[in-house]
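What follows is a set of notes on a single structure, which appears directly below.
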Amino acid sequence: MKKAALVSIAAYAPQKILTNAELEKMVETSDEWIVKRTGIHSRHIAEDESLTSMALKAGKLALERSGLEKNEIDCLICATVTPDFFCMPSTAAQVASELGLGSIMAFDISAACSGFVYLLEVAKSLVESGAKKNVLIIGADKFSSIVDYSDRSICVLFGDGAGAGVVSVASSDNHIIATHCASDGSKGELLMTPKDGRNVGFVKMSGNEVFKIAVNTLTNDVVELLEKSGIASSQIDLFIPHQANLRIIKAVQERLGLSEAKCVVTVGEYGNTSAASIPMAMNTAYEDGRLKAGSLILLDAFGGGFTWGSALLRFGR
Ligand code: COA
């Protein structure tokens, strides 16, 4: 059977930065509380930029870095829960068109903060089955469009951004070794956007409950994935988790017995960017030289739905 590889990674963060000091002027909070409870110092905000334009910028760079021609991409999938258009058209169809990819299959998936791990599993399946050769995957979210900036329990947590990669038929030992995606809709109300008439409402979260479930679920999920893959945590070159809260990241990192040096942390700069969070963190590690072709990386994610998952792969062509 063919194997699939993540051959490129890229990201885009909007220019405007919203700091903890600015939030102190908007709601009753403090830099000290935010940093202590979350590890977040700032987040990037899209302002006038659309979700599609952020996805487009990340997708374009991922395509360039893949070394492929536009006409070699035969599928584009976008993970987002904050699309520009309610129901349709999909972000993926818009981006495929703007990138000039022709009339390829393009569709969106909704898996909140687990979006990028879900994308990897779907793209891997399409490539391994032979249905597609090169799939452009984009995780993008503009949470500023669904955050109530008078709700201190939410507005300090989220930011905007996009991340992308290309999944292709593997041509070496570098490939996606294993993915695991799961959900539990019975806990959906703990993190949701209740409908406000005909409009999408603001995000509501039972932070404390979500926190505890996220730590337990993620820890079990990554340990199980490693065991099933026959890989010891000591073999991992980089752990690149979903960036929601530094305390959640540390809890899983410590459970895996990994050093801080092996754990990529970008939550301080970007906050939680939902489906964009993992590829944005991967891109940071790629651009600063930590993530190289052949690096063995472990990803984990947890988000609304609930959805969660993990992935183990050797990066690059
Ligand atoms: N500034 C100051 N105080 C705040 C605050 C803020 N921005 N937000 C909440 N508080 C207050 C609360 O009102 C509460 O006050 P009280 O004790 O007087 O009632 C107190 O801080 C503690 O609130 P609590 O929600 O229990 O804090 P916490 O330690 O659980 O931290 C989160 C809150 C949101 C940071 C944390 O629960 C979290 O990260 N949850 C998970 C988020 C996540 O992973 N989502 C993943 C899916 S994307």
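Placement of Cβ uses the backbone N, Cα and C atoms for every residue, glycine included.
Taken from TrEMBL as is:
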type	residues	note
ACT_SITE	C113	active site
ACT_SITE	H242	active site
ACT_SITE	N272	active site
DOMAIN	107-185	domain 'Beta-ketoacyl-[acyl-carrier-protein] synthase III N-terminal'
DOMAIN	226-314	domain 'Beta-ketoacyl-[acyl-carrier-protein] synthase III C-terminal'
REGION	243-247	region 'ACP-binding'
Message: Averaging the per-residue pLDDT over the region 'ACP-binding' (243-247), what integer do you get?
response: 98
Query: Any idea which of the active-site residues H242, N272 has the thinnest Cβ neighbourhood at 10 Å?
result: N272
Statement: Simplified to three states, DSSP reports N272 (active site) as strand
